[in-house]
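One structure follows; several queries about it will come next.
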Amino acid sequence: MRSVKTSLAAVAILLASASATDPPTVTVKNGSYYGVYQPTYDQDLFLGMPYAQPPVGDLRFRNPEPLNTTWTDSKNATEYSPECYGYGSDQWVLGNVVSEDCLTINVVRPSGISKDAKLPVGFWIHGGGLAQGGNRDPRYNFSYIIDEATKAGKPFIG
């Protein structure tokens, strides 16, 4: 009996530690993503999630087309995506990776928020006049603003 209690206690500890290290997840219209926990501001980051089909091949130089695929496995959203090619020096100065497959969005939320929470959403379009810049640039990370809003009791998703 004692070994059963010890085993159950060990399983409970393993489950608790496993859930504490599981990556944050989010479900959207097309499927699910797993992101990364950012401990500095106690936030969940979902990086490089596509919001349109890649503008390559026949879609090059055309208006963006909506995503037309769904998936059942959780997709990786733990790294910034490449910036779009542009005119200017941002990609060269910051050493950012560039690609035509760049129509992505980053989402930052306070960690531990209920999936049923109805939080306001902030949306930031990076500078550059649609000719340079990108969401990979650390100057456009919403983490600090969301942290301050959360401390003030007004959390939001950005």
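The backbone N, Cα and C atoms fix where each Cβ goes, glycine too.
Note: TrEMBL annotation is automatic and uncurated.
Residues or ranges marked as domain 'Carboxylesterase type B' by TrEMBL: 23-148. What TrEMBL lists as signal peptide is 1-20.
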In this predicted model, what is the average pLDDT of the domain 'Carboxylesterase type B' (23-148)?
87
How many helix, strand and coil residues does the domain 'Carboxylesterase type B' (23-148) contain under DSSP?
16 helix, 33 strand, 77 coil
